[in-house]
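According to Swiss-Prot, the features are:
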DISULFID  29-77  disulfide bond
DISULFID  43-92  disulfide bond
DISULFID  46-130  disulfide bond
DISULFID  54-108  disulfide bond
DISULFID  58-110  disulfide bond
DISULFID  113-120  disulfide bond
CARBOHYD  33  N-linked glycosylation site
SIGNAL    1-23  signal peptide
């Protein structure tokens, strides 16, 4: 019985001791500049730009006992304040609208994932993924 109590105290001590180290290694939820691809059906090229997106660590808890009567809500790093910008894709055919609107993160927050504005899947595509030919904003092909 004493061994179990001492083991629990040691585990608790290590958690308290290592928590500041763990927190300092993880980036907080904040806007970061990221390579993002912009493409549209009907246009043959994918434009690659740098834009602020929300990224970082949000504290979450996974309950040990999962009750069928309670719901677990996981918080993710997502947009708090956002501005939308428009850019023109090159080489689009004359009958298609070459303009694409994309979000620019002004501030971020740890909150529930909004399926209307965010990709809430576990294994999503990277922000710079392109289906069509990639073109950098300075005109160089990838």
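From the backbone N, Cα and C atoms, a Cβ is placed for every residue, glycine too.
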Task: Residue among disulfide-bonded residues 43, 120 with least C-beta crowding, 10 angstrom cut-off - done: 120
- [ ] Starting from the Cα of residue 77 (disulfide bond), work out which of the recorded positions (33, 54, 108, 110, 113) are within 10 Å.
- [x] 54, 108, 110, 113
TODO: State the three-class DSSP label for residue 113 (disulfide bond), counting H, G and I as helix, E and B as strand, and everything else as coil.
DONE: coil
TODO: Please determine which of the disulfide-bonded residues listed here (29, 110) has the lowest count of neighbouring CB atoms within 10 Å.
DONE: 110
Task: Residue pair residue 120 (disulfide bond), residue 54 (disulfide bond) - Cα distance, angstrom, rounded - done: 13
Task: Distance check against residue 58 (disulfide bond) for the recorded positions 29, 33, 46, 113, keeping those with Cα within 10 Å - done: 29
TODO: Using C-alpha atoms only, work out the spacing between residue 54 (disulfide bond) and residue 29 (disulfide bond) and round it to an integer in Å.
DONE: 7
- [ ] Mind giving me a neighbour count for residue 92 (disulfide bond)? Other Cβ atoms within 10 Å of its Cβ, every protein chain shown.
- [x] 17
Task: DSSP state at residue 43 (disulfide bond), helix/strand/coil - done: coil
Open item on the list: At a 10 Å cut-off from the C-beta of residue 54 (disulfide bond), count the other C-beta atoms across all protein chains.
Closed with: 23
